[in-house]
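K.L.:
Feature table excerpt (Swiss-Prot):
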- 1-20: signal peptide (SIGNAL)
- Cys26-Cys37: disulfide bond (DISULFID)
- Cys35-Cys52: disulfide bond (DISULFID)
- Asn38: N-linked glycosylation site (CARBOHYD)
- 55-81: repeat 'LRR 1' (REPEAT)
- Asn150: N-linked glycosylation site (CARBOHYD)
- Cys186-Cys216: disulfide bond (DISULFID)
- 196-223: repeat 'LRR 6' (REPEAT)
- 224-250: repeat 'LRR 7' (REPEAT)
- Cys240-Cys270: disulfide bond (DISULFID)
- 251-276: repeat 'LRR 8' (REPEAT)
- 277-297: repeat 'LRR 9' (REPEAT)
- Asn280: N-linked glycosylation site (CARBOHYD)
Amino acid sequence: MVCVPYLLLLLLPSLLRVSADTTEPCELDDDDFRCVCNFTDPKPDWSSAVQCMVAVEVEISAGGRSLEQFLKGADTNPKQYADTIKALRVRRLKLGAAQVPAQLLVAVLRALGYSRLKELTLEDLEVTGPTPPTPLEAAGPALTTLSLRNVSWTTGGAWLGELQQWLKPGLRVLNIAQAHSLAFPCAGLSTFEALTTLDLSDNPSLGDSGLMAALCPNKFPALQYLALRNAGMETPSGVCAALAAARVQPQSLDLSHNSLRVTAPGATRCVWPSALRSLNLSFAGLEQVPKGLPPKLSVLDLSCNKLSREPRRDELPEVNDLTLDGNPFLDPGALQHQNDPMISGVVPACARSALTMGVSGALALLQGARGFA
């Protein structure tokens, strides 16, 4: 974490310790486009990261170690390096595998505030200690995309609101996977005015009730795409209720890779968001078309389920783009392939997708513009 290009400028005196007899932990490609650092050595040469200052994409893993030793540089004012930071090419930054004091993370964000960074990924991090007091105005980067995977925070569910205060407005894509807490105190959360894509996939313990707690009412007014793959969703009606409570109007909803149950006959009917046009229910274990789906759906993916018959036209009156591949009524061997992807030498589409989901833990979601200034 500490070796991001910006913080290097803050901590340069303590980092210039070059060892000629050790393998470089950082590698920069021939085009000076991508730089990857993996500090797994017991005594890492942090200064190797200096070469990453010319790259557009930077990925840094701290080898699972604590970065508390660098706290002494966290109070350095990055303004003195503003011109140098602005000149850096980096647009995408990934930081991972470290125990990071919250004070140090904030110092990095303050330095990044002078950069042209657009996409930030935090992965396998343990953020420790209290977060510094909220600034009078956001001093961090103007991100378009923020992705977090397996990041824990001492502050519990308050982490998103605290992190949000250090980011400039304008975030359009937010991905949160393997979160330790998604029960956000809504009073401490500011409105995500520009957020169009929210991906809460790969949070299998979330469930319908957890979604209700995560989607704070009126905080996502511009939301267009909501992804809930492998998020422990239980029924379409439960998801519908959470969307209604949050007063969001997504145009596209992904509920694939959840074991969905059919809504109970006596359940209260839910009114889906009127803007919803596309719904992904693939890999949901469905044996029949769920009742009470959004009435204005035009795109529906029911592939790789357990449907024994083709849906009737009156069940899906407005759908003109329907995907049914991998269901038993089309392929008698579909169930066997879903249960055992390696049953034959040729891996069918449904099995390939399931294997990909298992290996990656998530399908990368990058909706919205990738225009870098």
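The backbone N, Cα and C atoms fix where each Cβ goes, glycine too.
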K.L.:
Checking distant contacts: for the repeat 'LRR 8' (251-276), what same-chain residues at least six beyond its ends satisfy Cβ-Cβ under 8 A?
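P.N.:
Same-chain contacts beyond the ends: 201, 224-237, 239-241, 243-244, 282-288, 290-297, 299, 301, 357.
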K.L.:
Neighbour count, 10 Å Cβ-Cβ cut-off, for Asn38 (N-linked glycosylation site): what number do you get?
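P.N.:
Taking all protein chains shown, Asn38 (N-linked glycosylation site) has 16 Cβ neighbours within 10 Å.
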K.L.:
Ranking the disulfide-bonded residues Cys26, Cys35, Cys186, Cys216 by other Cβ atoms within 10 Å, which is at the bottom?
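P.N.:
Sparsest of the disulfide-bonded residues Cys26, Cys35, Cys186, Cys216 by Cβ contacts within 10 Å: Cys186.
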K.L.:
Relative to the Cα of Cys26 (disulfide bond), which of the recorded positions Asn38, Cys52, Cys216 have a Cα no more than 10 Å away?
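P.N.:
Those near Cys26 (disulfide bond) - Cα within 10 Å - are Asn38, Cys52, in sequence order.
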K.L.:
Just to verify a number: CA distance, Cys216 (disulfide bond) to Cys35 (disulfide bond), in angstrom, no decimals.
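P.N.:
Cys216 (disulfide bond) and Cys35 (disulfide bond) have their Cα atoms 38 Å apart.
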K.L.:
In this predicted model, what is the average pLDDT of the repeat 'LRR 7' (224-250)?
P.N.:
97
K.L.:
If you run the three-state DSSP split on Cys270 (disulfide bond), which class comes out?
P.N.:
coil
K.L.:
So of all those disulfide-bonded residues, Cys52, Cys186, Cys270, which one's Cα sits nearest to Asn280 (N-linked glycosylation site)?
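P.N.:
For Asn280 (N-linked glycosylation site), the closest Cα among Cys52, Cys186, Cys270 is found at Cys270.
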K.L.:
Once the chains shown are all counted, how many other Cβ atoms turn up within 10 Å of the Cβ of Cys37 (disulfide bond)?
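P.N.:
Its Cβ has 25 other Cβ atoms within 10 Å.
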K.L.:
Select one residue from Asn150, Asn280: among these glycosylation sites, choose the one with the most other Cβ atoms within 10 Å of its Cβ.
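P.N.:
Of the glycosylation sites Asn150, Asn280, the highest Cβ count within 10 Å belongs to Asn280.
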K.L.:
I'd like to confirm something. Which of the recorded positions, Asn38, Cys52, Cys186, Cys240, Cys270, has a Cα closest to the Cα of Asn150 (N-linked glycosylation site)?
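P.N.:
The smallest Cα gap between Asn150 (N-linked glycosylation site) and any of the recorded positions is with Asn38.
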K.L.:
Measuring Cα to Cα, how many angstrom lie between Cys52 (disulfide bond) and Cys270 (disulfide bond)?
P.N.:
52
K.L.:
Can you tell which of Cys52, Cys240, Cys270 has the least company, meaning the fewest other C-beta atoms within 10 angstroms of its C-beta, among these disulfide-bonded residues?
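P.N.:
Taking Cys52, Cys240, Cys270 as the disulfide-bonded residues, the minimal 10 Å Cβ count falls on Cys270.
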